[in-house]
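Asker: Before we start, here is the structure in question, set down as C-alpha cells.
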2 protein chains.
Amino acid sequence: MIGRLVKDRVLAAKQAINELYNTGYYGRPKGDTLELTLIEAAYLLYKKKLDIELNGRILGFEEFFTEASKMQQYFELKYIVYKDLRERGFYVQPSVTDFRVYPRGGHPGKTPARSFVYVRSERIPMPLPDLFTSLNAADNVHKQMVLAIVDEESDLTYYEVKKVNVKGAMPAISSQGDLIRATLLEDRVIVWDASSSQHLHLDGFYGKPLDDERLQLSLVESAYLMQRGLISIGSSDTAGFLDIDGFSVVASSIEPDFLRKYKAYANLRDSGLVPKTGFKFGTHFRVYSQVSLTGKMPHSEYLIHAIPWDHVFMLPVMSRAVRLANSVRKRMLYAVEDRDTIAYVDIGRIKM
Amino acid sequence: MIGRLVKDRVLAAKQAINELYNTGYYGRPKGDTLELTLIEAAYLLYKKKLDIELNGRILGFEEFFTEASKMQQYFELKYIVYKDLRERGFYVQPSVTDFRVYPRGGHPGKTPARSFVYVRSERIPMPLPDLFTSLNAADNVHKQMVLAIVDEESDLTYYEVKKVNVKGAMPAISSQGDLIRATLLEDRVIVWDASSSQHLHLDGFYGKPLDDERLQLSLVESAYLMQRGLISIGSSDTAGFLDIDGFSVVASSIEPDFLRKYKAYANLRDSGLVPKTGFKFGTHFRVYSQVSLTGKMPHSEYLIHAIPWDHVFMLPVMSRAVRLANSVRKRMLYAVEDRDTIAYVDIGRIKM
C-alpha cells in the first residue's frame, strides 16, 4: 500500500479504505481517497503497512520522521502518545485537542469517542486558560478530558482533569455571647481565654492549642472567624482592635497570597468542609469533610491549592503535587478564583 | 521563685540556680544569678515555676508573652519549638543557631550537645547560603543539624540536614568503534540504528526505545554521550553536525536550566550512578546505584534536584519534595554547584 505525501497529509488510494480504515480505523475516507495525518502515516510506516512516496521516491522511516517533525510542531510528542494509545488497543482519531479516543470495543461509526486527549511536553509550562479551553471543549460534548504529558525521556503520564463540586458535613460554629478576644502577635493570632479556646477548637476545629489554656489561630482562620462576627483581634503594636480590612492588609503583608487563600478557605468552610494547613503536603490546605475531636481523627480527603485564573502550571510541580496527593490517598484539587465564586479542578493520574 | 525582666533577659537570684538550673538545666548560672532567655522564662511562667517582675509588678502570661514577642523576632516560633523539645524530654540551651539540644540522658555539664536546631517559619523563604551557614556551624563542631519548621497552624516538622557523598557501581559504557549517529529533532535526540540503540540502552541504561529499532535520548544523556566521544548529533535543520557548545546552546534554549542539570548529571554518571528523569516525582532526577536490564529493575535510591548556590527554598515546596521522596522510600538530595564540583545536601524528615 502506497500513500503520497501532499503538504502535511498522506493520501492513499481507494484500496486503503478497505485495508487501513475498515480494519483499523486509520485515517478518514474522503470520497475515493483515504486521508492520513503525518502521525498516522508514520505509525503505519513503522508497522510496515504503508510506504510513503514523495516526488516518485519512497521515503525511509528516518527520512519521513525527520521531515514530519519539521512540518508539525510537537510531532514526536504526539507520535509517542498516538503510538502508546494504539498499542494499548484504542482507536484514535485527530481532534481539536490533539486526539479523540474511542472506548474499548468501540470505533468510529459505531460509538462516540469517550475521551479528548491533550498532549503536552513536561518542559513547556501550561497556562490554566489553555487547560480550561480544552476542558470546556471536552465538557461541552460530554467527553472525559485526558492530559497526556510526555517527559524528557519520552515516558508518558496520563491525567484526568475534571471540574468538581465539594461539600462537607461540618456544622457552622455558633456564638456563645460576647466577641472572643484575640491578639495578633507577629504572624499568628492567640486566643487567651481557656473556655473560648476550647469552644473554637472542639466545636469548629479551629486553631491549635498553644497549651492547655490558649489557642493559636492561623491568619485565614482568624479572618474567617472575624468576618463571621465571632472574634475581635487586637494588635499588640497599637493596643487597638483591627477591622477586617486592617487585618487583611497586615495578613497580606505577612503572606502575599493571603486574599486568594482566604477566598478559597471561606468558600470551603461555607460549604461545610474543614480546611487545615496543607504545609506538610506542600499545598495550601488539606481538607476534611467533618471533624469531631471526640472520635478518631478522620482522614482528610483533599489537598487543595488556591491558584489565580491566569496561573501557569509548571508540569513537574503539578506532577509532584498529584503524585503526593495520590500516595496519601487524597485527591489533588486546584481552587480557581472565578469571578465571585471558586471553581474546583480535580487532576488525578489515570491508567489508559 | 521570682525573676526580674531586664532588657531581653530574665534574672533570678541564687536560689534559682538550685531550683531551676540544677534540676532542669534552665538558664545559665552567672555568679550568684541565673540568667534566662525570654523563651525559657515564658516556658517557666507557663509551668508556674517562675513569676516575672517588671518595675515591681508581676506580669501575667499574656502580658509577658506579648511583650516578649515585641522584643524578639520570631519569639512565638521559637517558643513553640522550645516547648516541644522540652516536652519531649530534651534539655535545651540557646545557641548561635537558635538551640543546642542534648542527647537523651545527657545534660549541660555532663555531655556535649548533640544537635543544633535552626527554627524557620514555613512562610519565610530560606536562602541556601543561610542554610549552609547553619550547616557549617554544626559540622565544624560535629553536631547534627536539625531544621525545625513551624507551619501557619504552629505544627512542627523536624528535618535533618547533612552533606553526603554519593557513589554507584555502574560500569562506564565503552565505544564499539565508530561514533554513533543521532539526530536532534525538536527537543529530543533519536538514534536510528538498531544495534547502537541496543548497546546504549542495554549496557548503559541510556535513553528509551522509540520502538524495537530506535532509541530516544534526553538532552542531558545526549550531551554526556557526546562529551564522552560516543555519539555525534546531527541537526535536522542544517543537515550538519553539532559540536558540544552548539548542542548546549540549543539545549539551553529548550530547557533554561540545562547547564546546571547537565553538570549534576555528568557528576552523577562519573560517580558510577545512573540518573534518569525524575519528572514523575517533580525533581530533575531519580538515581539508581546500578541498573542491569537483564535482571529485575532495581529501586531508585535518590531523588535529586540541581539547584544553584544562591537558591532560595520555598519551604512548602521543600516539604513536599521531602515528603514525596520519603513516601516512595527514597532520599531527597539537592545537588548544589560548588565551584568545579557538586555538593549533595540530604534533607530528610526526622522524629525528635
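Just so you know, glycine gets a Cβ as well, placed from its N, Cα and C.
Reproduced below are the annotations present in TrEMBL:
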DOMAIN    A:1-65  domain 'tRNA intron endonuclease N-terminal'
DOMAIN    A:75-158  domain 'tRNA intron endonuclease catalytic'
DOMAIN    A:181-234  domain 'tRNA intron endonuclease N-terminal'
DOMAIN    A:258-341  domain 'tRNA intron endonuclease catalytic'
ACT_SITE  A:Tyr288  active site
ACT_SITE  A:His299  active site
ACT_SITE  A:Lys330  active site
Asker: Go through A:1-65, A:181-234, A:258-341 and flag the stretch with the largest number of C-beta pairs under 8 Å relative to the domain 'tRNA intron endonuclease catalytic' (A:75-158).
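Answerer: Between the candidates A:1-65, A:181-234, A:258-341, the best contact partner of the domain 'tRNA intron endonuclease catalytic' (A:75-158) is A:258-341.
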Asker: Take every residue in the domain 'tRNA intron endonuclease catalytic' (A:75-158), average their pLDDT values, and give the whole-number result.
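Answerer: Mean per-residue confidence for the domain 'tRNA intron endonuclease catalytic' (A:75-158): 95 out of 100.
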Asker: For the active-site residues A:His299, A:Lys330, which Cβ has the most other Cβ atoms within 10 Å, all shown protein chains included?
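Answerer: Comparing the active-site residues A:His299, A:Lys330, the most crowded Cβ belongs to A:Lys330.
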Asker: Whole-number Å distance between the CA of A:His299 (active site) and the CA of A:Tyr288 (active site)?
Answerer: 7
Asker: Counting only residues 6+ apart in the same chain, whose Cβ is under 8 Å from the Cβ of A:Tyr288 (active site)?
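Answerer: The answer is A:Gly168, A:Met170, A:Phe205, A:Leu273, A:Val274, A:Pro275, A:Lys276, A:Pro298, A:His299, A:Ser300, A:Glu301.
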Asker: Which residue counts does DSSP give the domain 'tRNA intron endonuclease N-terminal' (A:181-234) for helix, strand and coil?
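Answerer: DSSP composition of the domain 'tRNA intron endonuclease N-terminal' (A:181-234): 20 helix, 18 strand, 16 coil.
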